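Colleague: Please find one structure pasted underneath; my questions will follow.
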Amino acid sequence: MAMQMQLEASADTSVEEESFGPQPISRLEQCGINANDVKKLEEAGYHTVEAVAYAPKKELINIKGISEAKADKILTEAAKLVPMGFTTATEFHQRRSEIIQITTGSKELDKLLQGGIETGSITEMFGEFRTGKTQICHTLAVTCQLPIDRGGGEGKAMYIDTEGTFRPERLLAVAERYGLSGSDVLDNVAYARGFNTDHQTQLLYQASAMMVESRYALLIVDSATALYRTDYSGRGELSARQMHLARFLRMLLRLADEFGVAVVITNQVVAQVDGAAMFAADPKKPIGGNIIAHASTTRLYLRKGRGETRICKIYDSPCLPEAEAMFAINADGVGDAKD
């Protein structure tokens with residue numbers, strides 16, 4: 001009940017957030033853009049002014065019924081509503097200090113991440129099976145609904161599952177641990193099963209439309225790369241696979257920028273079978289190559305420890321030092337490892 005009130009309260013403040021949050025595409029009508037053209041943009045998957053402002057011109061021209069002259073006018077008007085120029089590092093630092101971090105459920109893991117999973121960026125977790133990737137995702141889907149002072153994001157969660165490993169029972173166990181109503185927690189998680197790489201991408205267009213309607217704090221894709229391994233096979237299709245994957249990750253980054261959600265993706269590993277593997281301490285590497293490496297802001301490498309313990313290592317981050325932390329997978333989600 002309390003959670004529903006919080007989410008309603010956040011809806012009441014949406015008027016104040018108008019200048020900060022994403023602006024609905026209908027704002028362009030007030031700037032002299034034809035209502036029919038706005039409708040065409042919406043049908044093409046552009047639901048906010050930001051989405052239009054960040055789009056390259058050739059993407060808009062590809063929309064049926066949008067000429068080059070119209071695309072120029074739309075981009076000019078969108079740029080007036082969205083600040084896209086230079087800013088001082090002081091202002092940017094101020095904005096960074098307001099970023100919310102979502103607790104992982106483990107104090108040690110939060111300490112390693114300097115607060116938790118960062119909103120407005122992509123966090124990638126990779127590791128072999130049974131290393132806790134999906135369990136962290138399930139825990140985050142609940143903790144993102146907590147109030148900000150309890151390490152939450154005061155928003156709903158969106159879960160795209162490509163491997164069929166989503167289990168609502170796990171969410172109920174985590175909800176009980178935090179003293180939240182199980183039915184409210186499940187109501188605040190939007191779930192979709194991805195069946196192929198094109199469908200996976202299509203779901204992001206739906207996600208964008210839903211994020212305009214309601215406040216979401218977290219978007220999970222578990223796993224972002226599993227379907228690419230089966231839909232594309234062999235070296236002949238490698239270039240097509242990487243281009244499709246790059247487009248998918250670009251859309252995720254755009255959602256993180258536009259709506260300020262925390263995007264968490266899981267990735268699988270591949271064993272290196274070349275000569276270099278003989279000299280490497282750990283011959284496993286994440287799949288997806290450089291494209292996924294550049295798209296992710298923070299990369300976490302998970303591996304098994306003793307018993308129920310798992311080890312998380314910061315593999316790549318623009319601001320976190322390379323370090324490790326231990327955590328455990330318990331009946332009520334991710335927690336601290338017992339000594």
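The backbone N, Cα and C atoms fix where each Cβ goes, and this holds for glycine too.
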Colleague: Of the residue ranges 213-228, 245-260, 261-276, which one carries the motif 'Nuclear export signal' annotation in Swiss-Prot?
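Modeller: It is 245-260 that Swiss-Prot describes as motif 'Nuclear export signal'.
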Colleague: From 1-22, 45-66, 67-88, 155-176, which range did Swiss-Prot mark with region 'Disordered'?
Modeller: 1-22
Colleague: When the Cα-Cα distance from THR131 (ATP binding site) is computed for each of the recorded positions TYR54, LYS58, LYS64, THR309, which gives the smallest value?
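Modeller: For THR131 (ATP binding site), the closest Cα among TYR54, LYS58, LYS64, THR309 is found at THR309.
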Colleague: If I take the alpha carbons of TYR54 (phosphotyrosine) and LYS133 (ATP binding site), what is the distance between them in whole Å?
Modeller: 31
Colleague: Using an 8 Å cut-off from the Cβ centroid of GLY127, GLU128, PHE129, ARG130, THR131, GLY132, LYS133, THR134, can you name the remaining same-chain residues around the ATP site, in sequence order?
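Modeller: Going along the sequence, the neighbours appear as LEU302, LYS304, ARG310.
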Colleague: Go ahead and report the DSSP secondary structure tallies for the domain 'HhH' (48-77): helix first, then strand, then coil.
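Modeller: The composition, in the requested order, is 20 helix, 1 strand, 9 coil.
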Colleague: Can you tell which of the recorded positions LYS58, LYS64, THR309 lies nearest to GLY127 (ATP binding site) in space, using Cα positions?
Modeller: THR309
Colleague: Does anything in the same chain, at least 6 positions from LYS58 (ubiquitin cross-link), have a Cβ under 8 Å from its Cβ, and if so what?
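Modeller: None - LYS58 (ubiquitin cross-link) has no non-local Cβ neighbours under 8 Å at 6 or more residues apart.
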